[in-house]
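Below is one structure; the comments refer to it alone.
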Amino acid sequence: MSVVARFTPRAVLFDLDGTLLDTIADLAEAANLMLAELGRPQRGQDEIHRFVGKGIPNLVRRCMTENAAATEAEVDTAVAAFRRHYTVVNGMRAAIYPGVEDTLQGLRARGIRLAVVTNKAEAFTLPLLERMGIAGHFDTVVSGDTLPVKKPDPATLRLACERLGVVPAEALMIGDSANDALAAQGAGMPVLLVTYGYSEGVPVDTIECDGLLSNALQALDHIAPSAPPA
Ligand SMILES: O=C(O)COP(=O)(O)O
Ligand SMILES: [Mg+2]
């Protein structure tokens, strides 16, 4: 019988792409609009799926250099083109994963503070959360360019905790990739990984974590019920 690890977090930090929102169609569209503009071959959504996780500059670099060659100047031009296209398509075909809204409501009902910690740049993160109607659930958002470092650097999670007024040991991270797991472990907090997200082509069940979720709602099973009022 498998034992479900239980936690009593005061805050839960969520990854965005691949955990709260299915954004691959918009990311792939912006990437292919960028590649077309630069006269380069299109890439399949499955391939671009593996490039998501370490922020937009990394995604664009991989689109330009995987089985292809590009100068640094060409990569810079490509990043600017991607950002221009993604500004238009961001959120057009994005979807909230099943169970996410009930999970966010369930956590808030338990008095738990919520944050997003994403490697997506702030100029795309904030409008996307608004467009998808979930911005109001979060007490703070740390984006990929809020600090000079991104996940897996634990400084991103520590900043979210500081803003929420909790210490990392009182928080729980929920993500979809090794970037989230390593950041959580570096900050000293437990981490649950969803199995439906984007994990850079690495099987998610090979990543060290404190539990796997096939639906976001299973996160609630990992949270011990609060003690009844005395
Ligand atoms: O922008 C990315 O590459 C991934 O963003 P995420 O950290 O929300 O998964
Ligand atoms: Mg992710």
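Residue positions begin at 1 at the first shown residue.
From the backbone N, Cα and C atoms, a Cβ is placed for every residue, glycine too.
When TrEMBL records Asp15, Asp17 as binding Mg(2+), the matching candidate from Asp153, Asp176, Asp205 it lists for that site is Asp176. Asp15 (active site, nucleophile) sits 7 Å from Asp176 (Mg(2+) binding site), counting Cα to Cα. Taking the mean position of the Cβ atoms of Asp15, Asp17, Asp176 as the Mg(2+) site, the remaining residues of that chain whose Cβ falls within 8 Å of it are Leu16, Gly18, Thr19, Leu20, Gly53, Thr118, Gly175, Ser177, Asp180, Val194, Gly197, Tyr198.
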